[in-house]
Amino acid sequence: MDTPRLPVPIGEAARRCGVATSTLRYYEERALVSPSRRSGGRRWYGQEDLRRIVVVQLAQRLAESLDAWIARGVPGSVPGSGLASGLMDAHDETGGTRRGPRSAGDEPPFRPEPPLGAEPPFGSEPPFGSEPASFEGAAHRSAQSPQLPSAARLAELRRRYGRAELVESEIPGDPLVLFHTWLADALAEGVPEPNAMVVATVGVDGLPSARTVLLKGLDERGFVFYTNYGSAKAADLDAHPNAALVFPWHAMERQVRVTGSAGRVTREESAAYFASRPLESRLGAWASPQSQVVADRESLDRAYAETAERFAVTEDVPIPDFWGGYRVRPEVVEFWQGRHGRMHDRIRYRRTEGTERTGERWIVERLAP
């Protein structure tokens with residue numbers, strides 16, 4: 001007799017179905033799917049739950065918006081076969097093409113599990129996506145049949161917030177303490193790259209620039225990231241030593257914004273971090289003239305191969321003189337928590353110099369959403 005499959009946590013469910021965990025939460029909010037059980041603050045999905053997720057994905061591939069699908073009276077609580085039947089009926093009503101004959105008991109096949117250790121494609125399909133992310137032939141598809149969402153469809157992209165709240169009486173007086181808590185929550189929730197942040201700078205021409213980098217250090221002095229000192233962001237920071245950071249934890253309905261002054265960390269700090277990096281990353285730092293124009297991909301690959309050969313006879317790859325870190329000293333930190341009706345919680349911390357006796361302190365303020 002076959003052993004029934006045990007429920008799996010939300011991260012594994014998302015991996016098996018090829019979607020992001022935030023997509024599963026979105027489906028839950030719309031009552032399209034529901035975990036079979038909850039335990040210790042975690043969601044667990046059974047085999048039938050996974051089948052329903054696949055059915056919802058089928059709805060998306062039939063170009064039926066989830067809002068319209070729900071309005072047609074196809075709830076997420078009916079069995080998988082009923083979901084599939086309702087889906088096809090709804091699609092036929094809109095003039096869609098039926099994809100093969102359907103009987104009353106038909107339902108889409110469950111996706112086979114990927115090989116052990118396999119990861120879903122980057123950018124797994126969003127709540128209103130059409131096809132799973134695939135980069136093969138992307139340029140050809142873009143030129144031949146671009147799948148761009150209409151303005152009306154963009155306008156209907158929205159979700160209902162309300163997972164948590166921010167109350168002044170329950171938060172610490174130091175924003176870095178609250179940031180550590182939120183970062184730990186993001187790690188526990190399985191948010192991809194929870195230390196990814198957008199770093200915004202201003203160039204010598206006065207124009208802003210923004211890019212995503214990884215937070216690699218955090219203490220009472222500030223937020224640390226590393227880069228090539230010949231890069232565009234480094235040139236911006238050397239000319240205008242101020243930066244803004246954004247941590248977009250969408251899956252948790254949270255965002256943190258940081259603004260402050262920026263400066264280079266000590267050479268010792270940079271060297272210690274560089275030594276901890278994987279060999280491939282250390283070689284890449286030497287091989288890549290970051291932000292400079294290069295002839296083609298092949299030239300980059302040649303530079304990397306030459307660098308690897310150069311350091312093959314040594315036991316260590318030292319830190320380049322042109323590479324190191326920056327620390328952003330926070331002056332303002334804003335925490336955003338999504339709430340119902342767009343009445344979000346926004347709590348801002350502002351640093352003040354205080355007095356010689358009291359020292360620095362933070363003013364805590366609530367902002368209107």
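Glycine is no exception: its Cβ is also placed from the backbone N, Cα and C atoms.
Predicted, not measured: the structure shown is a model, and the values here were computed from it.
As recorded in TrEMBL, the features of this protein are as follows:
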type    : residues                                                                                                       : note
BINDING : ARG211, THR212, VAL213, LEU214, LEU215, LYS216, TYR226, THR227, LYS233, GLN255, GLN290, SER291, TRP336, ARG346 : FMN binding site
BINDING : LYS216, TYR273, ARG277, SER281, ARG342, MET343, HIS344                                                         : substrate binding site
DOMAIN  : 10-62                                                                                                          : domain 'HTH merR-type'
REGION  : 81-151                                                                                                         : region 'Disordered'
Rounded Cα separation (Å) that holds between ARG342 (substrate binding site) and VAL213 (FMN binding site): 29
Substrate site span - longest C-alpha distance across LYS216, TYR273, ARG277, SER281, ARG342, MET343, HIS344, in Å: 43
List of residues, in chain order, with Cβ under 8 A from that of ARG277 (substrate binding site) and at least 6 apart: ALA285
TRP336 (FMN binding site): nearby binding-site residues from LYS216, TYR273, SER281, MET343, Cα cut-off 10 Å: none
Among SER281, MET343, HIS344, which are recorded as binding-site residues, the nearest neighbour of LEU215 (FMN binding site) by Cα: SER281
Max CA-CA distance, Å, over listed FMN-binding residues ARG211, THR212, VAL213, LEU214, LEU215, LYS216, TYR226, THR227, LYS233, GLN255, GLN290, SER291, TRP336, ARG346: 36
Model confidence over the domain 'HTH merR-type' (10-62) (mean pLDDT, whole number): 78
When distances run from the Cα of MET343 (substrate binding site) to each of the binding-site residues VAL213, TYR226, GLN290, the nearest one: VAL213
DSSP residue counts for the domain 'HTH merR-type' (10-62), split into helix, strand and coil: 32 helix, 8 strand, 13 coil
Secondary-structure category, per DSSP, in which VAL213 (FMN binding site) falls: strand
